[in-house]
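Visitor: Annotation source TrEMBL lists region 'Disordered' at 1-22. What TrEMBL lists as transmembrane segment is 43-63, 75-103, 124-152, 164-183, 195-215, 235-256, 268-291, 321-341, 370-389, 401-420, 432-453, 465-486.
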Amino acid sequence: MASEGDVIKSTPAISTASDGADDSVKDGQLGVVEVNVLQERTIGLFGAVSLVVNKIIGAGIFSTPSTIFKLSGSVGMALMCWVISAIISTCGIFVMLEFGAAIPRSGGIKNYLERAFSPRLMQTCIYVFYCVFLQVSASNAITFSSYILIAAGVDSTTWKLRGVAIAGAIFSVGIHTVAPRVGRGIQDVLSAVKLFTLLFIVCCGFAALAGHLRIDSPNNFSNAFEGTSSSGYNIGSAILNAIFSFQGYDNVNAVLSEVRNPQRTLRLALPLSMGVIAVLYLLANVAYFAAVPKEAFIAAKVTVAATLFENVFGPSAGAKALPALVALSALGHLLGVAFTIPRLLQELAKDGVLPFSNLFMENRPFRTPIYALLLHLGVTILFICAPPAGDAFNFVVSLSSYPTTILLFAITVGLVKLRLTDRANFHSPLPAPWILIVICLAANIFLIVMPFVRPPNGKGSTSLPYWLSSVVALGILSLGIIYHTLRFVVVPRLLGYKHQEIQQELSDGSKVTRFQRIKRIPPTVAVVAVGYGLNTYRQAMVQRRIAMAEQAERQAVEDRKRAAKLMDAYGDRSSLEELEKAMQVYEAQNQV
């Protein structure tokens with residue numbers, strides 16, 4: 001695993017701004033960063049419930065039941081998949097409650113991954129790729145498009161479907177860009193519309209059970225478990241599709257800095273929302289099976305709710321108007337995602353890991369994260385248009401639910417790790433029961449493994465390879481690891497610098513991080529330099545020894561020559577003293 005040894009942490013003097021003023025972060029060579037991220041705590045209990053309901057109730061309950069029934073093989077098993085998914089999601093809620101109460105600030109899962117695992121920046125990078133590429137609302141845009149075309153009485157073609165879906169995505173991003181308060185108001189209204197639509201579907205189910213149908217009663221509840229699939233892949237995929245319909249209960253955790261009295265609001269909003277939604281989901285599925293024959297159920301694909309309305313009311317104005325309610329419900333989910341994900345990207349930009357972080361923190365001119373909103377829109381349009389038209393919805397559903405399962409498993413493991421190894425520093429006023437933690441771990445291990453078990457005949461629920469969505473999801477998460485390794489480990493070492501992490505704290509308590517490059521000699525250059533120096537020193541010492549030997553040899557030759565001349569001139573002297581005196585006279589004569 002790559003380390004963060006090349007990142008130096010430094011916290012200079014705190015820079016704050018007064019209420020209502022723009023927050024500006026300055027740091028010499030780093031330049032000026034206009035952040036404008038001061039957040040007011042404006043979300044109360046009703047707003048939090050609205051955020052959760054709008055995020056959870058979207059395309060799933062209106063569009064996935066057909067796929068879940070096809071995979072599970074029977075009515076009874078399909079209903080069991082919904083119950084199991086509700087239990088797993090409830091376990092996930094208690095994990096979110098414990099983390100949210102312990103870390104009451106915006107960021108959600110990102111904060112929990114960073115707190116539980118290291119390297120910290122690697123967790124952030126993984127979550128960046130998850131938010132940018134795997135938390136798009138393409139499935140809801142497709143559902144919105146499918147039902148609005150039915151309501152309008154227009155035949156659905158590939159590009160009509162894509163065009164209306166793109167228009168819905170543009171509207172949801174546009175309203176949150178230029179008029180966020182209006183967008184929030186529409187969300188609150190559509191939250192009520194969603195609940196009304198679900199309740200109306202439930203009522204249609206009771207009417208169908210009472211015999212008020214335009215078709216013969218399908219009798220789907222006799223021998224309810226007949227035909228149940230024995231494939232682990234099919235059951236796992238069915239549960240994953242159902243879990244997709246429960247995704248979004250962490251929506252409040254993602255914007256917790258804007259929530260009033262966050263602990264109390266979390267404790268009430270999350271269980272209340274999940275309890276109501278789980279009951280409505282189960283009753284809605286009973287309604288579908290009460291009114292739609294099995295063959296039509298599978299053939300309906302994403303428009304099973306429209307088939308329900310037609311079987312109950314006939315091809316009348318009601319059967320056209322009611323799909324419009326489903327379309328509005330999907331639009332509400334589009335708005336909920338468009339509100340939350342760009343703000344998450346803004347939080348990630350504050351951590352300094354996003355490319356062009358300054359841009360994504362910019363709130364001008366509408367005091368909204370405009371560039372994060374545009375990025376979210378671009379990726380949503382990509383996933384609307386990229387998959388084959390017939391398989392786009394199921395592919396996007398799997399692509400979204402599988403990595404969410406991985407992250408839920410990861411933060412649950414992280415929670416266990418913190419409880420067992422960091423009790424002194426990790427405390428939460430809302431601890432999750434151990435039994436729910438164990439259930440969450442076991443269920444998510446099953447859901448992570450099963451999509452790779454070969455299904456019967458080697459075919460999944462689409463024409464695409466059965467393993468493709470899971471592999472793509474894992475690949476995108478792995479890109480976060482690769483990005484971290486390249487940016488924070490490999491490139492700094494190759495180019496000879498370290499990252500100095502500099503943080504400034506704003507008046508709302510949030511921190512803005514910047515990475516300043518500090519020059520250093522790369523290890524490769526240092527090794528070459530040391531080797532070159534040692535080689536040069538060795539060569540110099542060899543040359544010096546050679547020069548000293550040559551000098552000694554020249555001196556010896558000169559001495560021999562001088563002695564020979566003295567012997568020739570004064571060879572008849574018999575005493576050494578006389579010879580030395582003669583040598584001194586000889587040298588004096590030569591000097592003169």
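Each residue, glycine too, has its Cβ placed from N, Cα and C.
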Visitor: State, in range form, which of 75-103, 235-256, 268-291, 321-341, 432-453 has the highest count of Cβ pairs under 8 Å to the transmembrane segment (43-63).
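Guide: Result: 235-256.
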Visitor: Counting Cβ pairs under 8 Å that are 6 or more apart in sequence, does the total for the transmembrane segment (432-453) and the transmembrane segment (75-103) reach three or more?
Guide: yes
Visitor: How about the transmembrane segment (268-291) with the transmembrane segment (321-341) - do they touch, taking at least 3 C-beta pairs under 8 Å (6 or more apart in sequence) as contact?
Guide: no
Visitor: Give the one range among 75-103, 195-215, 321-341 whose Cβ atoms make the most pairs under 8 Å with those of the transmembrane segment (164-183).
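Guide: Comparing 75-103, 195-215, 321-341: 321-341 has the most Cβ pairs near the transmembrane segment (164-183).
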Visitor: How about long-range neighbours of the transmembrane segment (124-152): same chain, 6 or more residues beyond its ends, C-beta under 8 Å?
Guide: 58-60, 62-63, 109-110, 113-114, 160-166, 168-169, 172, 244, 302-303, 305-306, 320-321, 323-324, 326-327, 330-331, 333-334, 337-338, 341, 344-345, 348, 351, 353-354, 375-376, 379-380, 383-384, 392-393, 396-397, 399-400, 403-404, 407, 473, 476-477, 479-481, 483-484, 487
Visitor: Where among 321-341, 370-389, 401-420 do we find the most Cβ pairs under 8 Å to the transmembrane segment (195-215)?
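Guide: The stretch I would name here is 321-341.
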